[in-house]
Amino acid sequence: MAAKFLPRFWRSGSQAELLDFQNNNVVAEGKLDFEHGTLKGKSGRYGDDEEDVRRGHIEDLANHSLLNKLLRRTLVDSPHNVEVLQRDPTSPLFSVKSFEELHLKNELLRGIYAMGFNRPSKIQENALPMMLADPPQNLIAQSQSGTGKTAAFVLAMLSRVDANKKYPQCICLSPTFELALQTGKVVEEMGKFCAGIEVIYALRGNRPGKGSRLEAQIVIGTPGTVLDWCFKLRLITVENISVFVLDEADVMINVQGHSDHSVRVKRSMPKSCQMLLFSATFEDSVWAFAERIVPDPNIIKLKKEELTLKNIQQFYDQCENKEQKYSALCNLYGVITIAQAIVFCQTRKIASWLSQKLSDDGHQVALLSGELPVYDRADMIQRFREGREKVLVTTNVCARGIDVEQVSIVVNFDLPVNVDGSVDFETYLHRIGRTGRFGKKGIAVSLIENFFVYMLKEIEDHFNTKITKLNSMDMDEMGKIWK
């Protein structure tokens, strides 16, 4: 008998029911609602650009991860090595080259192969022996998107579950509603041959009655709701939890309340509980958070693909104001339609204004911003990948991890800045890194208002590169950038 994985509010698993569930569970006005993957606020409350930047920055962290999960069809074949730091350096270091070496149950092996995994990814080679060890070992792991880390911790949970015990045994915390559902989808696919194992979603709106008895062995949810289920509703007996997973830690710490709720849930776990934490990045703040969650961990890092500027010609055009930048972009438009192009804006407000103005003036463009539901964003990116859209106006949601080979020019309508107004060097690198992919020549043009010219010098110094001045009003000069 196949396992039952559908939550009570999503019995049929249809997209329509999921969207209906989201639409009928609106939070109070003015609150940031990341359990539903969206920002809901009283109309007009966040009218200034600075607040728009802050909100967009936080939301992009979560949606970037979800978009990559929706868009990737295969694992990333990274050429970089895995760095392993063991809790006990004297212990032998094991890695595996096949799933058979892990001595998994046959039904789990069938599920893995049915998902299309033929061999472990680089992070799985090293992480799985640690995650499946007896006695269990704690783990902190860093990896880029698409390296198979979700499948790795799902395999660990399914391996630890006792199907004969009808109560929660594993908890997985995700920062948003949609990311939790994506993790549940992996559980469903990998565990479809495992009889008697169920999963339930601890998400806002899915509220079993007080005193209800949960029979699902795996609980996937957002921190606040899981905390309520553990202590307010007493649906979960924390002493029975054998595996605690915290996914997307770098997103979690940027969402107000999530980090504190996560720590409170973790502190209630028994000492024997295995702690697994995953993050795409590990700035100091993430490390500090990880250390509060995971005691005595093994640590695994998979180095990110290094972006290079060597194939990218960088230009800038100095403009008086937004309207002059728009005129410069229109002059560029005759050049950028030669191939596919991405135009980056700092805020959703500017992106919406720009795409509408371009459309009104007869230019064919597509808009990708945080105002679109995330599944619509995935569809838009897929259309762009397939060449059905030639020019994409977007915010930073498209700055990382979206590889489109045909993109030959990137335009920064606004330079990327941090919340404090300083240059966001990493986002600049990732933005212009959308062109010049796979060894091809790429072009990046930044449209700079007079007040922000000093930022160009900072970018040049930071990357030890040269950004050439361009006069977008000189069409002869414009044509030369392709030669």
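A Cβ is built for glycine as well, from the same backbone N, Cα and C atoms used for every other residue.
Of the listed segments 97-125, 184-212, 358-386, Swiss-Prot assigns motif 'Q motif' to 97-125. In terms of DSSP secondary structure, the motif 'DEAD box' (247-250) contains 2 helix, 0 strand, 2 coil. Secondary structure of the motif 'Q motif' (97-125) per DSSP, as helix, strand and coil residue counts: 17 helix, 0 strand, 12 coil. A Cβ distance under 8 Å defines the sequence-distant neighbours of the motif 'DEAD box' (247-250), meaning residues of its chain 6+ beyond its ends; these are 61-62, 65, 150, 153, 172-175, 179, 183, 277-283, 286, 289-290, 293. For T150 (ATP binding site), the number of other Cβ atoms no farther than 10 Å from its own Cβ, over all displayed protein chains, is 24. Every protein chain considered, the tally of other Cβ atoms within 10 Å of the Cβ of K149 (ATP binding site) stands at 24.
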